[in-house]
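Below: one structure, written as structure tokens.
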Amino acid sequence: MKKILVLIILVLLGACVGSNKSSAQQNPRERVSIDFDWKFSLGDIENASQEQFNDADWRHLDVPHDWSIEGEYNENNPAGIAGAYLPTGIGWYRKNIEIENLEKDDKYFVEFDGVYMNSDVYINGNHLGKRPYGYISFSYDLTPYLKEGTNKLAVRVDNSKSPSGRWYTGSGIYRHVWLTKTSTIYIPQWGTAITTSNISDSSADIKINGDIKNDAKKDQVVDVISIIYDATNIAIDSTKSTVQINKDGSFEQSITVNNPKLWSPDSPNMYNLKTKLLVNGILIDTYTTPFGIRSIELNIDKGFLLNGEPIKFKGLSNHHDAGPVGAAVPDDLLYSRLKLLKDMGCNALRTTHNPFSPEFYALCDTLGIMVMDEAFDGWFTKKAEYDYGIYFKEWWKRDLKDFVKRDRNHPSVVMWSVGNEVRGFKAEDQKEIVSYLKTIDSSRPVTQGRGHFAPYVDITGFNGHGEQKGVLEKFHKENPDKLIIGTEMTHTLQTRGVYRTKTWYRTKDNPAPWEKPADFKRFESKVYKIPDLTEKEVFPGITKKYQSSYDNSIVRIGVRDDWNRVEALDYYVGNFRWTGFDYLGESFGWPARTANFGIIDLAGFPKDHYYLYQSLWSDKPMVHMLPHWTHPGYEGVEIPVVVYTNCESAELFLNGKSLGEKNITSERQIVWQVPYKSGELKVVAKNNSKPVVEQIYNSAEIGTKVQLKADKVTVKPNKTDVIQIEVAIVDSKNVIVPEGDNFVEFEISGPAKLLGVENGDILDLAPHKVMSRKAFKGKCLLLIQSTDEGGEIEVKASSQGLQESVLSVLSK
Ligand code: GAL
């Protein structure tokens, strides 16, 4: 698994570096990470852009960095509900760029994958440019201002006007930074566009369009050689053409690949295109573009066709933050999160509501996850007080162009989305934005979250509104030639380890700040009702801020009903639930810091809904039951035991005695009412009456120790690898205590640093960058990262009254 990540990083580096092994000539292009050794200071600082400015007393750190997540939750922070009550503000970053052997024919570029937001970049005191949009990738040409030796790069980041989004945004240089060197004739950043067509088992046509920049300021004849490599790095085909360039030029080439290995979520086959530029036989650039071969077709009778076959989107919407690291998500952690979703059977993600990091798309390519790539939330009318709506008019074309050029070669990107619940838009706006996008890439369908008010998208996106009874059917009747995609369905709310046996509807039982319980009356008849599991609430007295982990806490439709709709309607091609992971912000009010929409909590621990989706989406036999089986004081009380499985039937056993076998039906869950008795609860799932897979819960006794489990035994001393440590409160037989809420303290020794702590409790406002955390529902998470030294990393966890635990991981 780790191999995939390493490969991706190499591909990303190689996306530009690439060495020409077959020839003695070195590729003049170099691309290096400049993530390490920055200086940082919070606040606006006069003259901090200047070369001679003294930053000796500034903090030393590496990027990706997010200063908001380092702060404290405070009700008075201007980010408010939207931004999870975390601090925002202005920050400055400075870094030395060492240039050796500066040649007159060298070009240098600094590339930012993302800076939130309103960045101003300077080199040696010279202003290079400004980018308001905090999610866009951008670069600057440093060449005119560089000198041999030390150069000063300075970045001012302004997220002081807050809230600048409807969710937690993070603040700072929260993605990677790169330095690229080329010669004066080169392929510019994102300068290639690859499209594939006429795809069959025996062949596929590959069309390559590329740009060439000529800063040599004289006419040139350039040979362009394009070579396609398969996933094992064997060159399988090539082509050559010659272009005459004056200022800037372009080229177009075609190659036919025989017996292509197509890209799909089940077989994410990738290829690399290496484009070499030569002048008078001398290699002047090699540019590598990873790509995949696959076809997309919208067919009103069959749905969304990938490589000619209908495929339903088993999708999730996610924001870009990742619990205790905020918006600065290490690649290693991003990989684990995507892998967790893939293991659930998820085949698609929506980048709500903005461009994600380049690494995200590269990982989706290799893991096999389709992406609905979303450019914006709103357009000309702002949705949060100081969001991108303020800059939209001036910037949207530039940002949309850069976004599409950056992501257009990823096979995982199967659809663009131009916006989400855009306020006050006119059909003409949609037409203009979609048409402009199509001038840059016309090879994919375009949609829009809740974009059904205008006809200029290829596939109609429905958000929560489409969850109501009859809405999709009505739209289909009126627009029989349009496919529908659930750009944001289903909305359910759940807190890990919390159970309620009576059904809750958000508007009625726990209204969001913008809802009135009385509104429920108006749309009650359109809600897909879920029967209560019991007549009287079995688990009363739980705070309203927590939601039930049975599939019975919904806004308008439950997961099971919605998935039944997806399967029943050919024109409904699947959906993107709201959301995969819990995200910071957009809570229902202080002191909650998230709204609990995720099926995985802020610590990355799956809630029961994760397994519900797995039972619907994955073919690998699985079974999961809920709730846990530790309910002291409930002896004799009937507790609904719910089972999710993708097998045909399941049999439940309490302390060895069968409570009967039941088949899975369109209810998509099996329920037993079980009078509580402590001991062992076991479920056995069967196919053809034969046991296939089982799960056992034991009742926990009193917690006696802290248990540590790391996701890896070794890391590399590379300052990037992350160790995720699950911390659990367990009894003497190592059974997790489901209500365990002990305060745990950590000590780390050896070559690792703290990245953050988290427990998934939406009401726990403890800071993340400290060496302690309270457990929530038996567990919390400790994240640490390797340094640049090797050696043994030792983590100790202790808690008053409990036996401590020690764990070691080797950095080598
Ligand atoms: C949707 C919106 C999402 C999120 C969600 C919460 O209307 O598109 O961004 O706000 O509501 O329910």
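In case you wondered, yes, glycine gets a Cβ from its N, Cα and C as well.
So that you can see what the record holds, here are the features copied from TrEMBL:
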- 1-24: signal peptide (SIGNAL)
- 33-182: domain 'Glycosyl hydrolases family 2 sugar binding' (DOMAIN)
- 195-294: domain 'Glycoside hydrolase family 2 immunoglobulin-like beta-sandwich' (DOMAIN)
- 301-494: domain 'Glycoside hydrolase family 2 catalytic' (DOMAIN)
- 636-692: domain 'DUF4982' (DOMAIN)
- 707-805: domain 'Glycoside hydrolase family 2' (DOMAIN)
Summarise the model's confidence over the domain 'Glycoside hydrolase family 2' (707-805) as a mean pLDDT value.
98
Spell out yes or no: are there three or more C-beta pairs under 8 angstroms between the domain 'Glycoside hydrolase family 2' (707-805) and the domain 'Glycosyl hydrolases family 2 sugar binding' (33-182), with each pair 6 or more apart in sequence?
yes
Per DSSP, the domain 'Glycoside hydrolase family 2' (707-805) contains 0 helix, 52 strand, 47 coil
Report the DSSP secondary-structure composition of the domain 'Glycoside hydrolase family 2 immunoglobulin-like beta-sandwich' (195-294) as helix, strand and coil residue counts.
0 helix, 67 strand, 33 coil
Where DSSP helix means H, G or I and strand means E or B, what are the helix, strand and coil counts for the domain 'Glycosyl hydrolases family 2 sugar binding' (33-182)?
6 helix, 61 strand, 83 coil
